[in-house]
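The structure appears below as structure tokens.
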């Protein structure tokens, strides 16, 4: 509409008036009946920049009689075309992706379905029994025919029904440099309008981007109203959580006039949350958002993918990257129509385990020998009742026939099974031919038997269109499960690997905590019965061929989120983890302290030769393995091998269970630094103690771990058991000079500070490490926590005369940042990194008032005050 025609329409009252929103009924926007406007001029409530007037209220006009449902579909959504999709009717409501409309096409508010009385004067266009009791008020079409509709209350207080405006709530971006940015415009009451930028943030922007299928990450921007021309403002103070599927589902206020902050409208910039290395993907030409031709956005333009070697494993990755769960299937030969523009990729060979197509082996960008007749496509069929699959075979083309119903896969009994039934199943799965296979070829299912006495004519397009018994009614056992082998007609189909697997928090990509992606969420595996055979299957699925070792008891740290799987039982020969799961997903009796892990391509500890000893003995404070940060109190798991000088002083087993007594710091191959108070209880007899180096998980023997006897204990001569001053000691390990502990990437010495060095001025980036109190229990894995050094006056004020010049003060003073080093961490190191240099042990954990107590920082022995004494004893 040109500006002149817009102004003329404005003068003639041809534009609708924005009246208000109803916060209870999903903030649906209402306006007056466009067929029966009241006499006189009819202006919108607020147009910028020339007009500001509050909304007018008036009684709703008489309501019309409703015609028969038309055959035409509702108007197409503009942003869907922009995103490369052609909208199709949603089986229950408006076009797929817009099922949240709750206003009729003449502006009446929809009633909640549960609020509609059972007896009506006029019958709606279709049975609505399935919707009774629903608490929402979204427009629906129960029989899938005709336009969506809803009930509303008319001016006389009676309940009537009306068709809905399916474009209501559509959004688009205007005025940006590309389709991923611009001013937000919302379609309501037949007119595109904008949103006031008050309280507009990234959560609101992300909902817009998700609704437009332009990625899940949005950045909030603002645009001056002065550049937008004459346009209504609909909303202000939009308050989205960020996970809504449509802007209509967010809390917001109807625009009541006034002034927007700096007279700015809401705008967004959209991006895909996977980061710049993950290409932007969309599906085009399909009948829904769950299927279509694969198109990638690269170098400023959209292009397609060639179908050479394209299979279901590639489709799984595409569906995962798009956030679409369900069954992934690859389609070939431009099944969803030929695309335009360049062919971006060829020879894509995913394993099915990647999170993005960028991680798959493939050709270079733009290199191919294809035309658009070979454009690749995918379908990501949602797991709704009636979805079918073939399971337990060598690929997606063969196996037990399983049907999804009420959240669970079940089988089909073979009573009365015919070739026509097989034909319908294979055709629905995208294959040309098929035959019934012997049930002995595939492992028996342990789930329910959902269907029996199925009879197809061969003309059905969907398996559930065939006649059958009611769900769950049968007289069969699993020995009668239907098994099928379908023939792809020359197209190779590799095995679909089921849910993806990843390894987390290891020191390299070949080890870590095992996590699986199920139901749209990463979760862990419980270690009940976890063995090297299970680890072998995980490593094989990830593409590793060497020996595999299982790790238990959260060896790589505790995961977050759900525990998906328990009691895995692999023989070691399975193709993927999915073949080993015998228990229902999500059923377990575990905690994250039992998370399972693996090490792939495990060849044990490599022997340390003389060259290794020579190269490492001359350095200190070197961290060969460091990447991330999980907890002492307020801390986090360290990376295995990330603090190679961390050792533990342990009681020998005849004094108990060989338990950890104190932390300590390796200064050289034969000398260890710790706290003097560690020897108060059991004395300073060397027979009572051992030192463990290279340890990470206290209960799991590890390849770099070594327990060494104690040859000598040297406690500072000024230390008194009834005092905390001079709390420092040295321990000489058993062995020839400089040959006590063997250095490796996991065993290295720390550096000493300079004499009288003041770390508050020379060092930053400080950490405490140990196996101590985590706030819940003592940790099995080595913990780390960043900790700030504090001016000594904080501890002098708190501890008075107990704090001396031979001590350091460190910790967080705020209760919500509880970082402290306690109990099992006594004697352990406080390490700081010299800028651009190495790691130095500035403190030895000594004492404090409680653990992580507000206003009670930890006290550490100041190592720089004892450097001459340390060097005189150790000859370093």
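Using N, Cα and C of the backbone, Cβ positions are placed for all residues, glycine too.
Shown in sequence order, 721, 724, 727, 826, 827, 846, 847 are the residues of the chain, 6+ apart in sequence, with a C-beta less than 8 angstroms from the C-beta of residue 677 (active site, charge relay system). Taken from Swiss-Prot, the feature active site, charge relay system applies to 677 (among others), supported by similarity to another entry.
DSSP assigns residue 727 (active site, charge relay system) to coil in the three-state reduction, placing it in neither a helix nor a strand. Per Swiss-Prot, the feature active site, charge relay system maps to 727 (among others).
Look at residue 826 (active site, charge relay system): DSSP puts it in coil. Cβ neighbour count for residue 826 (active site, charge relay system) (all protein chains, 10 Å cutoff from its Cβ): 23. According to Swiss-Prot, the active site, charge relay system annotation covers 826 (among others), on the basis of similarity to another entry.
Its Cβ placed at the centre, residue 166 (disulfide bond) has 25 other Cβ atoms within 10 Å. The annotation disulfide bond is assigned in Swiss-Prot to 94-166 (among others) on the grounds of similarity to another entry.
The disulfide bond annotation in Swiss-Prot covers 196-260 (among others) and is backed by similarity to another entry.
Taken from Swiss-Prot, the feature disulfide bond covers 240-250 (among others), and the record attributes it to similarity to another entry.
In three-state terms derived from DSSP, residue 370 (disulfide bond) belongs to neither a helical nor a strand segment and is classed as coil. Per Swiss-Prot, disulfide bond is recorded for 306-370 (among others).
The local packing around residue 360 (disulfide bond), expressed as other Cβ atoms within 10 Å of its Cβ over all shown chains, amounts to 19. Annotation comment: Swiss-Prot describes 350-360 (among others) as disulfide bond.
Positions annotated as disulfide bond by Swiss-Prot, on the basis of similarity to another entry: 413-476 (among others). DSSP assigns residue 476 (disulfide bond) to coil in the three-state reduction, placing it in neither a helix nor a strand.
According to Swiss-Prot, the disulfide bond annotation covers 426-486 (among others), on the basis of similarity to another entry. Here residue 426 (disulfide bond) comes close to 432, 433, 434, 484, 486, 487: these same-chain residues lie at least six apart in sequence, with C-beta atoms under 8 angstroms from its C-beta.
In the three-state DSSP scheme, residue 466 (disulfide bond) falls into the coil class. In sequence order, 421, 424, 454, 455, 456, 457, 460 constitute the residues six or more apart from residue 466 (disulfide bond) in its chain with CB-CB distances below 8 Å. Annotation source Swiss-Prot lists disulfide bond at 456-466 (among others), citing similarity to another entry.
Secondary structure from DSSP puts residue 526 (disulfide bond) in a beta strand. The Cβ neighbour count for residue 526 (disulfide bond), using a 10 Å radius and every protein chain shown, is 22. Under the heading disulfide bond, Swiss-Prot lists 526-590 (among others), citing similarity to another entry as support.
Under the DSSP three-state reduction, residue 580 (disulfide bond) is assigned to helix. Of all the Cβ atoms in the protein chains shown, 19 others lie within 10 Å of the Cβ of residue 580 (disulfide bond). Positions annotated as disulfide bond by Swiss-Prot: 570-580 (among others).
The disulfide bond feature in Swiss-Prot is assigned to 620-751 (among others). The Cβ of residue 751 (disulfide bond) has 620, 621, 838, 839, 840, 841 as same-chain neighbours under 8 Å, each 6 or more residues away in sequence.
Feature annotation from Swiss-Prot assigns disulfide bond to 822-851 (among others); the stated evidence is similarity to another entry.
Among the features that Swiss-Prot reports, domain 'Kringle' is placed at 94-166.
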### Close in space, distant in sequence - residue 590 (disulfide bond), Cβ under 8 Å, 6 or more apart
526, 527, 528, 563, 566
### Task
Please classify the secondary structure at residue 751 (disulfide bond) using three-state DSSP.
strand
### Task
Please work out which residue of 240, 250, 620 has the most C-beta neighbours within 10 angstroms of its C-beta, and give that one of the disulfide-bonded residues.
240
### Task
Drop a 10 Å sphere on every Cβ of the disulfide-bonded residues 370, 413, 456, 570 and tell me which sphere holds the fewest other Cβ atoms.
370
### Message
Let's see if you can do this one: DSSP helix, strand and coil counts over the domain 'SRCR 3' (388-488), in that order.
### Response
19 helix, 35 strand, 47 coil
## Note on the structure
In all the protein chains shown, the tally of other Cβ atoms within 10 Å of the Cβ of residue 306 (disulfide bond) is 25
### Summary
If you rank the disulfide-bonded residues 196, 260, 350, 486 by how many other Cβ atoms lie within 10 Å of their Cβ, the lowest count goes to 260
### Query
Using Cα coordinates, what distance in whole Å links residue 684 (N-linked glycosylation site) and residue 476 (disulfide bond)?
74
